[in-house]
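Going by TrEMBL, these are the annotated features:
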type: BINDING; residues: Glu73, Asp116, Leu118, Asp119, Asp246; note: Mg(2+) binding site
Amino acid sequence: MASPALLMRVVASAYSVAERAATIVRNVMSTGDLGIVEKAGPNDLQTKADRLVQMSICASLARKFPKVTIIGEEDLPTDDVTEELIEDGHCEEILQKPCPAQYTGIKEEELVIWVDPLDGTKEYTEGLLDHVTVLIGIAYGGKAIAGVINQPYYNYEAGAGAVLGRTIWGVLGIGAFGFQLTEAPAGKHIIVTTRSHSSTLVNECISALNPDTVIRVGGAGNKVIQLIEGKASAYVFASPGCKKWDTCAPEAILHAVGGKITDIRGNSFQYNKDVKHMNSAGVLATLRNYDYYASRIPNTVKESLVP
C-alpha cells in the first residue's frame with residue numbers, strides 16, 4: 001500500500017498534537033498558577049497555557065513537516081522548546097482514510113497551518129472551561145481544507161471519573177468526526193455570539209435578526225461547535241477582533257459538513273500566509289439556512305465593517 005498522502009499525515013499528527021495540547025492546558029490549570037499577561041487590554045489575555053501549547057504545537061508540527069508555514073497567535077521565541085513539549089504521535093484512524101483526490105498532490109510548502117493554542121483565554125481564566133478550545137487549521141490555496149478542534153474540558157461537569165476532553169477533526173471531501181452532527185430546532189432562530197467583546201454594532205446586528213434566543217459564549221471554536229451540535233442556528237459577530245487562527249480550523253470542519261462561514265458582508269476568508277490576520281469585517285456562520293441570515297444583516301452594519 002502507498003504511504004498516506006501528506007494532507008492526511010498532517011491531520012493525523014495535528015490530532016495527536018492537539019491531544020498533547022489539551023493535557024498541557026489541564027496541567028497548567030491544575031497547578032493553580034495561570035501566569036496571566038495582559039496583551040492589548042483586560043479582554044486580551046495570555047496565560048502560561050497559551051505559551052506552552054503554542055510552543056508544543058508549532059515545534060511538534062515543524063519538526064515533522066519542516067517546509068509547512070505555521071502561524072500561531074502568540075508572538076514567541078521558537079528556540080527554547082523543551083523535549084517534553086514535543087508530540088511525535090499520530091492518529092492511526094485518520095491515516096486509514098483515503099485523501100480526497102484534489103489534495104493528493106499537495107506539497108509541504110503549499111500548506112499553511114493556523115494555530116490558536118487556547119481559544120477562549122478569558123473564559124479559561126474565569127473557570128468557564130467548556131468554552132475553551134485548541135485550534136489547528138490547515139489551509140491550501142488560501143482555503144481552509146482541514147481542521148482539528150480539541151475541547152480540553154469537554155465533559156468536565158460530568159463529575160469525578162468522567163473522561164475529560166475530546167478531539168473533533170474534519171477534511172473537506174471526507175467529512176468531520178468526533179461529535180454527533182445535529183441540526184438546530186427547525187423554525188427557531190438561535191444566535192450564538194460573543195461574550196466578552198460585545199458592542200452597539202454587535203447588538204444592533206443581532207436584534208435585526210429577530211432571534212428567539214441569544215447565547216453569549218467565548219471562543220470561535222466553541223461557537224462553531226454550537227452550530228454543528230444543533231445548539232445554535234447562526235454564529236453572528238458584527239465586529240473586528242476575530243483572527244484567522246480563530247476561524248481556520250472551525251471553518252474547515254463546518255464546511256466539511258455542509259455549513260458556511262463568511263464575514264458579515266458575505267466575503268469568504270483567505271488563509272494564505274501573507275494575508276492580514278484580522279477578520280476585520282466580523283463573522284457570519286451557519287450549518288444550514290445561511291442565506292436567511294445573510295439577507296437580514298442591515299446595510300448600516302455591513303457599511304460599518306470594512307474588510
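Backbone N, Cα and C define each Cβ position, glycine as well.
Shown are the binding-site residues Glu73, Asp116, Asp119, Asp246; of these, the residue with the fewest other Cβ atoms within 10 Å is Glu73.
Same-chain residues that are not part of Glu73, Asp116, Leu118, Asp119, Asp246 yet have a Cβ within 8 Å of the Cβ center of the Mg(2+) site turn out to be Asp50, Val115, Pro117, Gly120, Thr121, Thr133, Val134, Leu135, Gly219, Ala220, Gly221, Lys243, Trp245.
There are 30 other Cβ atoms within 10 Å of the Cβ belonging to Leu118 (Mg(2+) binding site).
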